[in-house]
Amino acid sequence: MNLKYSKLALAMVGIGLTSASYASDPLYSEQWHLNNTGQNAFSQSSGTAGNDLNTQLTQAFGIAGVGIKVAVIDTGVQIDHPDLAANVVPGSQNFISDSAFPVDYPEDPNGHGTAVAGLIGAVGHNGEGVRGVASNTSLLGFNWLSEQTFEGWLISHGKGAATQDVRVFNQSYGFSPIDPIKADFDDPQFNFEIGVMSDVSDNAAWGRGALFVKSAGNGYRYFRSGGFFVLPGDFFAGGNNLGLPMHNSNQSYDNANYYNLVTSAITADGTRTSYSSVGANVWVAAPAGEYGTNSPAMVTTDLMGCDAGMNTSAGLGSNGLHGGTELDPDCNYTSTMNGTSSAAPNTSGAIAAIMSTNHALTARDVRALLAETASKTDAQNPGVSLDFVNNKGELVSYQAVAPWTTNAAGVDFHSFYGFGAVDLDKAMSRARMTNSVLPPQVITPWASSDLAVEVPDASLAGGESSIVFSDDVTVESVQVQLTLDHARLPDLAIELISPAGTRSVLQTPRNGLVGQSLDASITGFDQQLLLSNQFYGEKAKGEWTLRAIDTNGEEQFTFIAYFNSSNVFFVPLNNNKEPGVIKNWSLRVIGH
Amino acid sequence: MKLSIFLPAVAVTLFSSLTVANNLPELAAPVEIEASESVVVNGQTFNKVVEPSATADFADTVKLFAGDLVTKGSFNLTSKATGLVFVTLVEGQDAKAVATDLDLKLVFANGNSAVYKAAENVDLLNLNDELFNDSRIKAVKIELANNKYNPE
């Protein structure tokens, strides 16, 4: 921290700024994600100073996303909000078919998207409310989540007249399936969506490309799937699913899509939030906080007025801001926004600022800069070990979530945090010094193995299958497609080991893929798509090994389907001692 | 044909006495579908929701139109046929020509992918077969939308 402030002070002296000139947003002092001084952000406890996006130098330089368009694809955006309106540019769209609002006003019936927009680009230095990470960026709002039509998806994701020059698409949304989902590249719908995202990522904005930023999910403890919540069987007994995530972010195939830059969420102490989904496919982590009552959440824009949004007159006393308090008598701001929904826009805002530092950088360059400058947060986190009784009756231990690991290219990775916490000042500084970060991209053909391999019940030995990869490329990301028969998918851990020996857990065990209990036709994974960023910088050539480990020999494994307190279903999955079978798997590398 | 489904073949225990000893939001209770008939869409079996009054009109051949609801799984997750059809064309084929020939509206084309919209009175299952048998087309999929994405 001393170094940080020293650099800041030097920078400010250099450009003639004083601290007073960048502190004119009344609620800025509580926005710990921009400058964590250990404030409580209207909650009952404080964070730890220094755990923030590291924005001070960037803000002192006045780098705030000028000329960069960011699309907020969400429940909507209140684009006439006093702390957003000046940054909103033409092109927003209202997709709600029976809306009373005009077609260019993306009505936000929920408030979620308005909070997201504020984190990205609330107007800075205007004597009003809060400040966005990129407080002078150009915002567009799309309420696609409120009415999820295909046409709306196209328009909001880069194929509309107003979105062709958008450089950042913020997607603070997701879905968490209980069934494995076949990611068939011959499926016309899947092929279409990937094709559009690939095209926009590479070619939007006159060839500089755009980034799709996506939330990892809020499913560590439980998740919503369709009309109910999926809870671990021990939930009401005070259990925590043995410390493992119910929703590994790789369970959602769109999170295993390379074109989505997936973000996990960290607290004001720099640790994983209680809810954040995690996985090998996480690129970076960003501040989001907890719930704003006991500990800090986000301070951002809210639907105007005390009768809408998260901050209403009914909320007086829930924290120091809500309920029409002196600080915010009109209830235009909230201090309870959280979720990976907040981590994504904080990342999007940082990206917009980096892009505005150097408009010549491609989207892929900026993505790389974000990874290469991320900071190792929660450095002592031990990961999660799972103890289980194997098929010989012995108690054994499996490292289901590894601690921070340095790969063979010297890159640090933790599946809670990806490459680490976003460090805007560091990325901005790199962006100022280069016009090209990476060589041209290579996406290799799929390499496959269809050798059947048994996966024994409850055994660390697991089933193991290898592919010799001949392409001489440097890895950015690796995708795997896996077909594996198994009677109880949550028992399985899936891991991939690189030619250099780096191990990445693609799917953690004891997860919420419990659909087999409700649909007997599900025999296991069928072309399940999984992605890892953990091999970044390593050479791809050589032998890759996929391992499937069954971690549970117990007769019954139960999950809870929770609709409401009157409709709670305990659903069992019975064990089958027959070995599972890896039927086939494929691997491809996205790199250079 | 299946006239009634509700949590079939699942061993569950209902805890109606459970009080709100947690912070979970309260969602709607699972809905009982009074009448439905089996339909295979995109290779998967669903139950097509029909009005109870229409059960006497079950045809021998099930049809699927834009706006029809289908459900899957024990908790009756519902999807709606939108009338859109995703298509992968054989390399070099013209998406517009296919639309013209089959009286479809071309919504969007990207590379060898295309999305078509059928008129409301078009049986999507029949259209699916027609497209599948067209030599210009490699693959077809009927869109079933279920608003699956949530803010998170």
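Even glycines carry a Cβ here, placed using N, Cα and C.
What TrEMBL says about a protein is an automatic prediction, not a curated fact.
For A:1-23, the entry in TrEMBL reads signal peptide. The active site, charge relay system feature in TrEMBL is assigned to A:Asp74, A:His112, A:Ser341. For A:437-592, the entry in TrEMBL reads domain 'P/Homo B'.
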A:His112 (active site, charge relay system) versus A:Asp74 (active site, charge relay system) - Cα distance in angstrom:
7
Give me the count of other Cβ atoms within 10 A of the Cβ belonging to A:His112 (active site, charge relay system).
26
May I ask you to report the DSSP-based helix, strand or coil state of A:Asp74 (active site, charge relay system)?
coil
Cβ distance under 8 Å to A:Ser341 (active site, charge relay system), same chain, sequence separation 6 or more: which residues?
A:His112, A:Ala115, A:Val116, A:Ser172, A:Tyr173, A:Ser215, A:Asn218, A:Ala288
What does DSSP assign A:Ser341 (active site, charge relay system), in three states?
helix
